[in-house]
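Trainee: Pasting the relevant annotations from TrEMBL:
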ACT_SITE  204  active site, proton donor
BINDING   9, 10, 11, 12, 13, 14, 15, 16  NADP(+) binding site
BINDING   189  L-homoserine binding site
DOMAIN    355-428  domain 'ACT'
Ligand SMILES: NC(=O)C1=CN([C@@H]2O[C@H](COP(=O)(O)OP(=O)(O)OC[C@H]3O[C@@H](n4cnc5c(N)ncnc54)[C@H](OP(=O)(O)O)[C@@H]3O)[C@@H](O)[C@H]2O)C=CC1
Ligand SMILES: N[C@@H](CC=O)C(=O)O
């Protein structure tokens with residue numbers, strides 16, 4: 001049978017593993033698709049770079065010429081970033097090629113343009129590898145759960161930051177030392193800012209929210225806080241609470257009194273304390289895990305390798321087989337439909353809980369004064385504990401749920417409170433209700 005011809009854009013951490021799997025599993029892939037898959041070209045920036053196991057004769061720096069070649073059937077994009085990836089994907093689709101991409105940054109910024117093009121040119125756009133690496137997560141959301149009503153998606157979707165926080169928690173490592181290790185292991189993006197400032201997780205949260213709630217969500221809609229401000233004091237404070245700090249991506253419907261769809265969605269990424277008894281607390285190193293809570297299905301957990309060349313290439317190859325089968329059958333798979341126009345609510349309206357550690361002067365009235373500040377903003381205290389005495393006292397306060405704006409206003413008030421020497425740690429609390 002005539003082989004299906006595949007063009008690869010990018011041959012870095014993920015791309016080299018895609019090439020290896022295509023070569024090593026050629027016979028099995030051909031049997032699964034029903035026809036051989038032939039790699040006909042690989043676009044890179046620096047063709048002279050050493051790439052183990054890659055046939056140099058396939059390399060080109062002219063990516064546009066490669067994707068528009070008449071004899072190419074399927075394009076895999078693992079360059080990353082917005083441009084030239086977007087133009088190349090659009091050029092490929094315009095010339096009738098189905099596309100597989102791992103590019104969460106592009107999907108979260110301008111997925112609507114890509115989905116519209118896929119519809120217009122009747123081609124597939126598959127992107128399982130863009131969220132949580134090897135973990136089959138998008139296809140379950142897009143296909144298996146499409147008949148259900150998803151309430152919440154909560155998870156650890158960035159391997160680099162999970163690795164860093166895990167090293168800080170278990171090894172007492174410093175932030176920079178742990179980041180260097182994550183980079184050496186190939187987890188971190190080329191520019192680690194995307195990981196440690198939460199941009200990578202925010203892009204993934206946007207993709208998850210869009211699929212879960214069938215509503216348009218872009219990275220710009222996501223409330224984002226990274227882990228660069230997480231201190232050893234925060235990690236130690238979490239330990240005292242028998243908790244651990246994790247960078248969480250949270251997508252949830254915000255209920256309204258009598259409504260089913262909710263009055264909107266909340267999509268957010270921030271470091272938060274979760275109890276050690278919570279299943280997400282035991283997600284170590286660069287692993288990812290995601291909970292999906294749906295009306296009929298109940299709670300589902302997806303766990304596995306969320307980053308790295310081989311795991312990500314596994315997801316790319318899964319998409320490749322699915323797309324290749326569609327090409328052989330002369331059809332295309334499901335296309336995203338974002339029919340619900342749910343507003344993404346501002347962070348200030350989202351209800352959260354805070355852990356706050358204060359260095360205070362242990363004088364009569366300090367506790368009453370602190371409690372008064374919480375009351376002034378309508379924030380209810382769940383637990384309070386004092387440690388130390390005299391000049392060296394600390395108050396640890398854990399709140400009940402309150403609008404995030406009220407909680408942060410309380411913290412600002414406490415910073416200005418004369419008997420509070422320092423607000424030593426502020427961390428949101430998730431997962432113990
Ligand atoms: N690494 C990971 O664990 C994961 C990555 N992803 C996503 O996969 C994608 C690829 O990531 P990764 O492999 O880590 O990235 P790398 O930086 O390792 O590789 C990028 C590749 O793209 C090539 N490239 C860059 N610009 C151009 C251009 N203008 N024209 C042609 N080729 C170009 C580079 O060429 P050259 O080699 O010559 O520099 C390189 O081969 C990204 O979208 C990323 O977000 C998704 C999940 C996990
Ligand atoms: N840098 C990302 C990898 C791909 O998504 C991560 O650390 O999770």
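The backbone N, Cα and C atoms fix where each Cβ goes, glycine too.
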Trainee: Within the domain 'ACT' (355-428), count helix residues (DSSP H, G, I), strand residues (E, B) and coil residues, in that order.
Mentor: 26 helix, 31 strand, 17 coil
Trainee: Near the NADP(+) site, what residues other than 9, 10, 11, 12, 13, 14, 15, 16 in the same chain have a C-beta no further than 8 Å from the centroid of the listed C-beta atoms?
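Mentor: So the additional residues around the site are 8, 17, 18, 44, 78, 79.
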Trainee: Just checking: which of the recorded positions 10, 11, 14, 204 have a C-beta under 6 Å from ligand 1?
Mentor: 10, 11, 14
Trainee: Roughly how many Å separate the Cα of residue 11 (NADP(+) binding site) from that of residue 204 (active site, proton donor), to the nearest whole number?
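Mentor: Roughly 22 Å, rounded to the nearest whole number.
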Trainee: Rounded to a whole angstrom, what is the C-alpha distance between residue 15 (NADP(+) binding site) and residue 204 (active site, proton donor)?
Mentor: 20
Trainee: With every protein chain in view, how many other Cβ atoms are within 10 Å of the Cβ of residue 10 (NADP(+) binding site)?
Mentor: 25
Trainee: Rounded to the nearest angstrom, how far is the Cα of the residue listed as 'active site, proton donor' from the Cα of residue 12 (NADP(+) binding site)?
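Mentor: Spelling it out, the Cα of residue 12 (NADP(+) binding site) and the Cα of the residue listed as 'active site, proton donor' are 21 Å apart.
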Trainee: Cβ distance under 8 Å to residue 14 (NADP(+) binding site), same chain, sequence separation 6 or more: which residues?
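Mentor: The answer is 78, 102, 129, 309, 312, 313, 316.
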Trainee: Under 8 Å Cβ-Cβ from the residue listed as 'active site, proton donor', six or more apart in the same chain: what's there?
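Mentor: 104, 108, 130, 131, 132, 157, 158, 249 - these are the non-local Cβ neighbours of the residue listed as 'active site, proton donor', listed in sequence order.
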